[in-house]
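Written below as structure tokens is the structure these notes are about.
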Amino acid sequence: MDGEDETTKYGEPRKYDPTFKGPIHNRGCTDIVCCILFIVAILGYFAVGILAWSQGDPRKVIYPTDSRGQFCGQAGTPLAKKTKLFYFNIMKCANPMVLLEFQCPTTQLCVEKCPKQFMTLLKAHAVSKDWDYYKDFCKEGATKAKPVQEILKEGLCPAMLLPSKSFTRRCFPALSRKGQDVLVGNQSQFDDGSGLRPAKDLLDGVKNASVVIEARQVAMKIFEDYTQSWYWILIALVLAMVISLIFIVLLRFLAGIMVWVMIVLVILVIGYGIFHCYMEYAHLKDEPGADITLQELGLQMDVSIYLQIRQTWLAFMIILAILEVIIILLLIFLRKRILIAIALIKEASRAIGHMMSSLFYPLVTFLLLAIVIAYWAVTAVFLSTSNEPIYKVFNETECEFGRQTCNPENFSTSDMKTKCPDSECLFAFYGGETVYHKYLIGLQFYNVFLFFWCANFVTALGQMTLAGAFASYYWAFVKPDDMPTCPIFSSLGRALRYHTGSLAFGSLILSIIQVIRVLLEYLDHKLKGAQNKCTKFLLCCLKCCFWCLEKFIKFINRNAYIMVAIYGKNFCTSARDAFFLLMRNIIRVTVLDKVTDFLLFLGKLLIVGLVGVFAFFFFSGRVKAFEDTAPTLNYYWVPILTVVVGSYLIAHGFFSVYAMCVDTLFLCFLEDLERNDGSAERPYLMPDNLLKVLKKKNKTESE
């Protein structure tokens, strides 16, 4: 009775159909309404892009803007050679109001180069040679004939110049340290009596600026490391691609052996990681300062400092040991299911062997995703720069017009200037009050939503294309004679011609959930300072629930696309059929399918581990043979981390084809068990090795 109840609850098993030969060719269009909606949305997306490109001005992102709203360094203007933005009083940039108004409340001027020496206006005004240098950092109208007091009153020049360095085309103080003091300028300048004083005397209360400068210096060092090692990084990524290709080719012929070799190698690689962490931990035993805890050290900009602490290597060793134990336990308890998973991987290897072009289909998906991302990024930049310059009143003393909108052209003769003599009309930000500017936030939201929808559509198209091709392989009675001539192109044509609506429907559901997750993250970021414990708990629960929902929808969509590719039904029907088929075989799904995913993940881990270990020994200079070849780096972990992430993405691209092949063959395998019984009239279409593992066989007519 329980078995009958389960069958009724999750639908009837598939019945034998003698006419079924794999993916149905005589099919019609599905989910037409969603297809039309998607086309209209895409046309609207193009309209938004055209509108943004006609209104936007990307120069606002490329070039810094001075207090008059002019672009520094723009070609064809008087400021073409003045590429740097100079702040009259950088101390005002540490004001908390900057975080609210996104504009430093001080005069900003375009200059050719940042100041290199400390100098006061009083000193420069007294010496003609110094004045010739100083006036490059003053507004027009500043002359030596005017007294210093009048120049400062009219805001024509800064009170002093600080040695500065350019970062993102903006002049920031060049800070250094001497003992506990933060210094402006280098150490030699401080010692030679040039008049420099500790920065805490010059910029009292601007300690946060030193943190910004340290972050800038770290960023510059990382950038230098990339310029020194980019070609070696490319070589390592090419090596990862070659290893992935070799691994997949070997899987076709030696799938069983390769899987066990892969498992052993992963265990050995992690074991070596544990050994290396222990050796580093033991090596630092007698080193001074190595026993400091991570909590005592706190957050440091120089990440390499953490590698000089024993607790760091102890943490790495514990994490790797836990991972090693988990992998070994999983292999022990799931060893029988691994045999079935190996059989599926072998069959997937044969399927890919008959369709080698499928390995390069991820490049098509990558290209389409690159186009979607580029269109979204360009549209976002043009939308964000399509505002008009807004000027506001900034003042030193209390003023009733403070932070109000002003017009710089007539500000000097306005009532605002009369009532607040020390106020200035400075560029604040970009905005506007037209209908277009009022709905600009809506256009930005539409841009983000269509980005998710298009990106998910491209991913779904790749999944359905591969599923249709691999399904045609499984259901072919004589392989490869009964397969289409070009299975990948045939499946792609069917997906675009008949099932654009189904692809749009599934990707729309997923996009709505992803946008909700983005909004929750935005709310969490905005309300972080004002959250109580109840609000934090509620937001945390919502984020967790929608994360789980997104994972579930991705799983349903993936299997729904396989059923659409095979039977040509609409998205909802296919999703229901796939879900019921999986639920009727829930034990096989939870164990067999996940074991296969785990084995493929170990393959990615092995490729990343091999390339990562090679990159570590090369860039860290631990091997003497590489000492003369390896580039000199500030942080050797920068290229290593880049290589590891890039290798994982490359391996994931190749193994995603394998994963889709295994998932498709798995659903076909479940349907094969329901449709057929191994008799001469209804023979199983699964390979012999899978029949052997399942202890089933096809009977001949005599039997």
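Each residue, glycine too, has its Cβ placed from N, Cα and C.
Because TrEMBL annotations are produced automatically, they should be read as predictions rather than curated entries.
Some features that TrEMBL has for this protein:
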TRANSMEM  30-53  transmembrane segment
TRANSMEM  230-251  transmembrane segment
TRANSMEM  257-275  transmembrane segment
TRANSMEM  313-334  transmembrane segment
TRANSMEM  359-383  transmembrane segment
TRANSMEM  448-476  transmembrane segment
TRANSMEM  496-520  transmembrane segment
TRANSMEM  598-620  transmembrane segment
TRANSMEM  640-670  transmembrane segment
CB contact flag for the transmembrane segment (598-620) and the transmembrane segment (448-476), at least three pairs under 8 A: no
Are there residues at least 6 beyond the ends of the transmembrane segment (257-275) whose Cβ is under 8 Å from a Cβ of it, and what are they? 247, 250-251, 316-317, 320-321, 323-324, 327-328, 331, 338, 341-342, 345, 599, 602-603, 605-606, 609-610, 613
Going through 30-53, 230-251, 496-520, 640-670 one by one, which has the most CB pairs that fall under 8 Å from the transmembrane segment (359-383)? 30-53
What parts of the chain pack near the transmembrane segment (30-53), using Cβ distances under 8 Å and only residues at least 6 beyond its ends? 375, 378-379, 382-383, 386, 436, 443, 446-447, 450, 453-454, 457, 498-502, 504-505, 508, 564, 568-571
Which bits of the chain, at least 6 residues beyond where the transmembrane segment (496-520) starts or stops, bring a Cβ under 8 A of a Cβ in it? 27-38, 448-449, 452-453, 456-457, 459-461, 464, 539, 542-543, 546-547, 549-550, 553-554, 557, 560-561, 564-565, 568, 570-572, 574-575
